[in-house]
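A short worksheet on the structure shown next.
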Amino acid sequence: MNATIFAFLLLLNLAMHNATEQSSETDMDDTLLIPEINRGRCIEEGKWCPKKAPCCGRLECKGPSPKQKKCTRP
């Protein structure tokens, strides 16, 4: 019985390890790190970006005119 439980736990561990490897295969250009988002001094994606505060992380301030600029991904 102990061997059965051990085998079950081993298979469960392997399954969880494979699931975490697959979920961590994201492109770093498409993700922002949490400290970059919640810095407080920067503007998040989709928000209006005045000259006073920069956009967070790799976001850029883009728009058709200076008054209509928003923080967007490059």
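The backbone N, Cα and C atoms fix where each Cβ goes, glycine too.
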Can you look up which of Cys49, Cys56 is joined to Cys61 by a disulfide in Swiss-Prot? Cys49
In Swiss-Prot, Cys71 is paired in a disulfide bond with which of Cys55, Cys56? Cys55
Rounded to a whole number of Å, the separation of the Cα atoms of Cys49 (disulfide bond) and Cys71 (disulfide bond) comes to 6
Using a 10 Å cut-off on CB atoms, tell me which of the disulfide-bonded residues Cys42, Cys49, Cys55, Cys71 is the least crowded. Cys42
